[in-house]
Each structure stands twice: as C-alpha cells, then as structure tokens.
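Please read the structure below before turning to the comments.
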Amino acid sequence: MIFIDACFKKETPYTPIWMMRQAGRYLSEYQESRKKAGSFLELCKNSDLATEVTLQPVEILGVDAAILFSDILVVPLEMGLDLEFIPKKGPHFLETITDLKSVDSLKVGAYKRLNYVYDTISQTRQKLSKDKALIGFCGSPWTLATYMIESEGSKSYAKSKKMLYSEPEVLHTLLEKLSAELIEYLSLQIQAGVNAVMIFDSWANALEKEAYLKFSWDYLKKISKELKKRYARIPVILFPKGVGAYLDSIDGEFDVFGVDWGTPLEMAKKILGDKYVLQGNLEPTRLYDKNALEEGVEKILKIMGNKGHIFNLGHGMLPDLPRENAKYLVQLVHNKTKH
C-alpha cells in the first residue's frame, strides 16, 4: 500500500493523499446514507451504512486511504455519558464530569461495547481495494475530557482549565482512565483490520505550552508508545491542532505528524522532518477555487518534495466545498508527484 509505505518514509511512485472529513456533507451520497440512518449517531452505529460512507470518498475521489466513519465521542458515550447531536450546533453530553466522584462513576471497558465500530472496520476492509489503506482513529484524552467536562465544544474551555489548575489530580485521573480505554480501543480496531491509526487532538490549541505537554502530549506519547510496542508495523499518526509554537518539544514513538494549516510547513519540516513523516497541510477553503487550489498544492509540494510527506488538508473538509474540486485535488497531487 502506497499510503503505508509513505508512513514509513519508503519510496513511493507518487505522494499519497487523503482528506480529513473526506466522508461528509459535501457528497450527496453521504447525505443519502445519513438520511437512511435517521441521525448522525445512528449512522455511526449502523455498520452497513457506516461502511458505505467510509468507502464513498475512495470510490468518488480516488484517495489513497479510507478513514473509518465514526466519531471520537463514541468512547465517552460507551463510558456511560448520554450523548446527543443537536442540529447546527453539534455534540452535547447530557451529564458532565465535575469531580472525582463523577470520574469514578464512568464505566470501564467501553472498548468492549464498541462492536459496531469493529464491524464497520471488518466490512470495509473486505470491500476496500487491497492497495488502499484503512485508517482507524480516536480522539486524544485531553480533547475527549474537554467535551466530557464542558458538555460540548467550547470557546474558552473555562471549566476544563479550572479543573486543570485547581484540581489537577481529578483531571489526571480522568485522562488516565481515558488513555487506558483508548489503547484497547485502537488495539481492537487494528485487530478488526485497520492498517494505520490516527489520534485527533482537536483542542490542543486550548492550552499553553507547559500545560499542553503535561496534560495532553504526555498521554499521547503513552498511547502511541504502547501501540508501537504491540503493533510495530502499524503506523501511528498524531494530529495535535494548533501547536505550531510547541514543535520543538514534540517527541515520542509515532510515525506521522499531522500539520494544521496555521503551522508553516517549512518550519514543521525543519524541526520534525528528519524524525517523522509530515501530513498536511492545505488550507481547506482553497478548494473553493481551482487557481487557489493549484497555488496551494504547488507551494506544499515545493517544500516537501517526493518523500516523507502525505498530502492532506490542514483541517477537515467543509460541507459546501465543490466535490469536483476535491477530485481535481487528488488528480493534481498524483500527477505532479509521479516519478
């Protein structure tokens, strides 16, 4: 698989490409599948439809990897927190984590209750072309913790940070508990058939450097180290969003570092490029315009060359992006990097 070879810095015939949120609302096929499911959460839980949605971007766009269709919040959901998705607003937990008692009341073994995810993986792997990789994923302990404490996405993360500074032991207990679940969750995804795993630290940028390293990065390192120990041949991709200013402190046993669009790629290459493969980092809104798209691709390929790079966006696909431009992006990257 070209994608897997690229994760390990091996020579590839061209630069592989996939896109974060490549299965999404910009595809009418996705909209139809979601309609059949009835809701976003039911779509995640319906393995037949989730498989359909996982495969759509590979079939329509020609990307080099499929990423499992699911949601990072299924883990806290199966730990006992009721979750709903509010239209035009997003995820919302009906109860929150406020103290040590509420952390202790979380159910352990959530990874044993996520069979609908593993079924989607095995179905997808059976149907996916052998030369295409399947990526599994989870959210980082810190990002999951913020949702569990705030009840939803936040602009200030005030409750999470209040706990971090005034009751750090409570937050560490929660992060430890989540890390243990995530190690087993990703292990079972690998056993079900994924070829690589990715950890999304979507709210990494909520923390100053010292707090980030202690309350997020240390846990990411712990998870990736254990996974590499268990499954050395499975690439681990980490995507901490918005930590461009902290790159000099990034270390650990993983293979690919996801670069968001706000971080200069030249800088990431200079600091991390010798040690890790870089993934990213096209600004997603360039997909609205073909000229802007071409210019962005040219710039990235000039910096990265043919090795040590997986092409991706620096954030997820937006719901109203023209699908023909997404398809054009895949062709553009393949054609420009063939050698």
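Cβ coordinates come from backbone N, Cα and C, glycine included.
Binding of substrate is annotated in Swiss-Prot for Arg21, Gln22, Ala23, Gly24, Arg25, Asp71, Tyr147, Ser202; the matching candidate from His309, His315, His334 at the same site is His315. Residue pairs drawn from Arg21, Gln22, Ala23, Gly24, Arg25, Asp71, Tyr147, Ser202, His315, the listed substrate binders, are separated by up to 23 Å at the Cα level. Between the CA atoms of Tyr147 (substrate binding site) and Asp71 (site 'Transition state stabilizer') there is a gap of 13 Å.
Its Cβ placed at the centre, Tyr147 (substrate binding site) has 26 other Cβ atoms within 10 Å.
Counted within 10 Å of its Cβ, the other Cβ atoms near Asp71 (site 'Transition state stabilizer') come to 18, all protein chains included.
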